Amino acid sequence: MISALSWVSKGKLKAVPDEAEPLSKEEIQELLKNEGLYTSSREVSEDEEEEGDMDLDDTKSAEEVSQALAAANVVGKNSSYGTKDVTDGLGELNMDAYDDEDNDISLFARDVDIYYPSNELDPYLQKVDVDDEDEIEDAVIKPSDAVIICARNDDDICIYEELEDGDSNLYPHHDIILPAFPLCTAWLDYNLKGGDKGNFIAVGSMEPAIEIWDLDLINEVHPCLVLGGIDTEKEKKKKKKKEKKGKKISIKYKNDSHTDSVLGLAWNKKIKKYLASASADMSVKIWDVDTGKCFHTRKHHTDKVQAVAWNWYWPNALLSGSFDHSVVLTDMRFPSHTGIKSAVTADVESIAWDPYDEHAFIVSLEDGTIQGYDLRGATSNPALGCKPCFTLHAHDKAVCTISYNPSVPKMLATGSTDKAVKLWDLSNNQPSCVASKNPKAGALFSISFSDDSPFLLAMGGSKGELQVWDTLTDIGVARKFGKYTNRKVEPVQDDPVQNDPAPKI
């Protein structure tokens, strides 16, 4: 299944990404020592006590399975993902037979030599001769290519190629192997390594750590920066100590780290060194990626925090939405600021600021509704928050994901576990449905409009197939919003149930 999508601006990625340097023998051994430390607190059972000292490495395989299956619980009933769809998606991975796959050797297998005496003997480091000109051309990322980061059980980097004849081509370019199930992503054009340009993806997962990967490197096995997470040095010292019967294993986290899954990420487009994160530990954190440390923590919610979003115009205004049925606007310049808290009718699934109105934002909810807000309608009492300008029953099930069109005023896309994507005109706070589509992607978990090609909408869901919809081909969209493009297209009426499939992978 696809849990999150992020577009990369055209021309930002290197035409040919660099090959990551292979790990040394010492680096591999260090990774092996640290393996197994990214685990959650758990009860020590009576049987484990009888078997002897508790060793986190001995339960790693079981932990990997339980972490994946735990996604259905953490992001099920109380989040943007439908439990049945998540469980079905994980079931396709055949995790019950995980230990039976003896023919496959894991990168982190313990009882085998996992390095070669020289790079010349390592088959994975040998250059592959490619005779097919099409494959050679596909390996090069052109400035005109739209690039999409697709978070599945690993992160896929996919290319959407718009051809001269009006057709399109969607294909995977390379992937990033992740240690935990990804839940959210945010593309960063800030260079963490110095210089003017940068292409990085921040990934939040079932683990408390936030990993940032360099998109201009391929075959990289570890992130360039990790924010928070488990303190491996402290874990090493206590791994061999036997825990008392019936007690929890106390995990030692890095200073100011999240202590539970990271459910939402948002990059500050004005102050680019700041990254906001939302977590199931009920906190919101601001990270300074220059120092790799937490700049500030807010604990103004009483349940899991699902989403965060920076205002497009005010770089210090941060909005957060929670399962406690509230959205809170805080001014990050003032740590003591309690924020403006607005009550909603159900668990918050997604939030988004209007790119054309600094005062307006949208909240999507678990009960299938979306609500629009205007800060100018807030009362003088911050505790009373804002009243919604409108409430719309948009879908039959949870509205997991929303996306404003960054180039077309008042155009909003919504995606739901009812498997439908809908396009709305929000003019004058009177929403009207312009188009509806079943993209055959299953329950929709993530949709996102492109910044460069404003009518392209990426979609991903429980079936695990990335799809891109050229929304301008819909006759309703062309009539309502066609004035915002110079493209010449032949609109086609899409049937909301039985329609031509979008390009997919």
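Glycine is treated like the rest: Cβ placed from N, Cα and C.
Just so you know, TrEMBL annotations never went through curation; they're auto-generated.
The region 'Disordered' annotation in TrEMBL covers 1-60.
Per TrEMBL, the feature compositional bias 'Basic and acidic residues' maps to 22-33.
Annotation comment: TrEMBL describes 45-56 as compositional bias 'Acidic residues'.
The domain 'Anaphase-promoting complex subunit 4-like WD40' annotation in TrEMBL covers 254-311. With DSSP states grouped into helix (H, G, I), strand (E, B) and coil, the domain 'Anaphase-promoting complex subunit 4-like WD40' (254-311) comes out at 0 helix, 29 strand, 29 coil.
The annotation repeat 'WD' is assigned in TrEMBL to 255-297 (among others). Summed and averaged per residue, pLDDT over the repeat 'WD' (255-297) gives 94.
Sequence-distant contacts of the repeat 'WD' (392-434), counting only residues of its own chain at least 6 positions beyond either end whose CB sits under 8 Å from a CB of the stretch, comprise 80-82, 85, 349-356, 362, 364-372, 374, 441-449, 451, 454-455, 457, 459, 461, 469, 471, 474, 476-477, 480-481, 484, 496. Per TrEMBL, repeat 'WD' is recorded for 392-434 (among others).
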(request) Taking helix as H, G and I and strand as E and B in DSSP, count the residues of the repeat 'WD' (392-434) in helix, strand and coil. (result) 3 helix, 19 strand, 21 coil
